[in-house]
Ligand SMILES: *[C@@H]1O[C@H](CO)[C@@H](O)[C@H](O)[C@H]1NC(C)=O
Ligand SMILES: *[C@@H]1O[C@H](CO)[C@@H](O)[C@H](O)[C@H]1NC(C)=O
């Protein structure tokens, strides 16, 4: 009897382990840079930097993204925005999906500008060109939302010689208002190789608003995440309304320079997940050798996010809840 109970319990345990969705990293082995995932209507939609076009991979499970259905959604023959296509992100605004991305010319990186494509009611609908958002050098644009202040466009910009974070009201999906410098790289962990703040990503939890970003130069192993936490009442376009902490998600387990992340929700909406890139090169990397990883965000008792460390590749992990 005792034996059968134990057997039954272990069989049940086994069943639950087998039926829970699992995944392992990396989700994308090459050209996995600057990843962004949106969960919508039963699919995960992954975009990464390819340099030459914009493509979306979709799958119903996180692990399924490794072999997911992929389609190219944009290529451009206009020489001022054909090339060096970086950091695409899917955002839903006013009933339609938009792709915010960076593009420039083929000769150098001086022409990098933020652009946006307009899509349809699902991320799998077709996209058409909508607008360029700035006339100055700007990369890694993302959307930051407030119920009381409206939507903002946040991106990486130059403040003097410092690659910093800028913020501007998003007056419509293809237009921004006056931009301000939100934060400059002044901490030692933001200045390794070069002073850099880039790849901002907004996250909302328990009434708090956070803006993560990537700090230091990508060709170093010090590339990692920083965090700005909104104070809950001040004008979001003023740096005084935010508190900076970091570094987080630093190099570990053979994963170097983890960063340029995005956040997405689990299918049941209960968890926030972090998707980011890293490299096996101990000097860091800024190229297509970077791979895509995803991990759950945990929470500290003071309400701040715990990003943990990039885990060993190939480890089987529990997938997002509700898969
Ligand atoms: C090419 O792109 C630039 C930058 O976005 C834009 O100003 C220009 O109007 C475009 N040219 C054409 C022919 O669409
Ligand atoms: C939030 O920041 C603003 C400055 O932008 C400040 O005036 C306000 O007192 C701060 N509020 C809290 C609750 O710290």
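Using the three backbone atoms N, Cα and C, a Cβ is placed for every residue, glycine included.
Note that the coordinates shown come from a computational prediction; the quantities given were computed from them, not determined experimentally.
What TrEMBL annotates here:
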type	residues	note
ACT_SITE	34	active site, proton acceptor
ACT_SITE	198	active site, proton donor
SIGNAL	1-20	signal peptide
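Residue 34 (active site, proton acceptor) falls within neither a helix nor a strand when secondary structure is assigned with DSSP, and so counts as coil. Taking the C-alpha positions, the distance from residue 198 (active site, proton donor) to the residue listed as 'active site, proton acceptor' comes to 10 Å.
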